[in-house]
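Engineer: What TrEMBL lists as region 'Disordered' is 28-88, 324-358. Residues or ranges marked as compositional bias 'Polar residues' by TrEMBL: 36-45. Under the heading domain 'KIAA1045 RING finger', TrEMBL lists 115-187. Residues annotated as compositional bias 'Low complexity' in TrEMBL: 332-346.
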Amino acid sequence: MGVLMSRRQTVEKVQKVSLAVSAFKDGLRAEGGSTRRGTLEQTVQEGEEDVSAGPSQTEESSAAKAAWERLRDGRGVEPEEFDRANRFTPPAFIRPKRELHDDEPLDISLEQREQVLNDEMCEICEVWTAESLFPCRICSRVYHDGCLRRMGYLQNDSTMEMTETAHTETGWSCYYCDNLNLLLTEEEMYSLMETLRQCKIIPETCLTLDDFLHYKHLVHKQQFEQPMTEAQEEQAALQFSALAPDKKGHIEWHDFLFHESIQLLQKLRPQNALLRLLTAKERERARAAFLALDQDSDGLIGEGDSRRARHAWFRKHQKEAPSCSVSISHVGPMSESSPASSGSGKSQEKILPAAEREETRPVDWPGFLRDNVVYILAARPNSAALHLQPPA
């Protein structure tokens, strides 16, 4: 592959020099002869230097540049060998813009239910074929599995997951909603990219625990001008475990990117602005969760119930509990094997009394939404990773 790429790049450099010569002959005759000659010689020399730089250095810089461009544009990994022949052209992602009223209070009624309707035509081909359309569990878009494959958004594993869950209560997130990075504005994305560059994080690479902790230490030092405490490092290690549920010793790039994106949203945007990101389907699930917990119908639940619901947003990944509308049976204590409940027995003993005290602290519907909105957003991806681990 490296040989093929170097040949291609060599041809591109030669074409660049040829274009420069043509431009010199055809479009720059009005300038002085000495200036023309200097410009041409400089352009040719630059092209020759690029070609003589060798395939390894050129390929590396080209690959890195392409990775940063994909990160900036919110696109997924697109390796050179990805064959787009006979495929649809993926749409260009447009990052959102902040509005002046985004930070103002938002009234989301508990009693007034919302009618959630899916689109009638495939988002890609705009053709209606009834039952063969697969809905997104976050937005109203629907898709043909064949269209998604031709777009390059479905591989073998993801195709099976979509067909098994899209028509169940568990649901499947489309490529728009699955990518938490697309929630960032251009300014927020620039801030994240600068942080990644300063911490020498290479896009589209996996991170080990040492890489993750080193990154967290650097970011914390930049933000607070002091090192992380031992407790904060332990919390970062628990977050790493939540991002690596398969226990392979590393976290995938997209999971790390989604985690950092939701962290940045939590840091930069007030809760009112985050509430505006929720879709009608997500608001309806939140209503169902709150009403299931409010058994006496007084509009209040305990803080402990609210905390357990916070964990329950991530239950969609459990095959034995395929309900993403958090019913009362699903809002319970996390199992000991859950990443969100990992920790020593000693720390669990300290947490339980506090949790018991929280049971009596009342939480109303607006407070429930504010406390859980960031976790509802973090649960959008199809990945089994917990992109924002709730506190125990």
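Placement of Cβ uses the backbone N, Cα and C atoms for every residue, glycine included.
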Engineer: On the 0 to 100 pLDDT scale, where does the domain 'KIAA1045 RING finger' (115-187) sit on average?
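Structural biologist: The average pLDDT of the model in the domain 'KIAA1045 RING finger' (115-187) works out to 88.
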Engineer: What are the DSSP helix/strand/coil residue counts across the domain 'KIAA1045 RING finger' (115-187)?
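Structural biologist: Helix/strand/coil tally for the domain 'KIAA1045 RING finger' (115-187): 30 helix, 5 strand, 38 coil.
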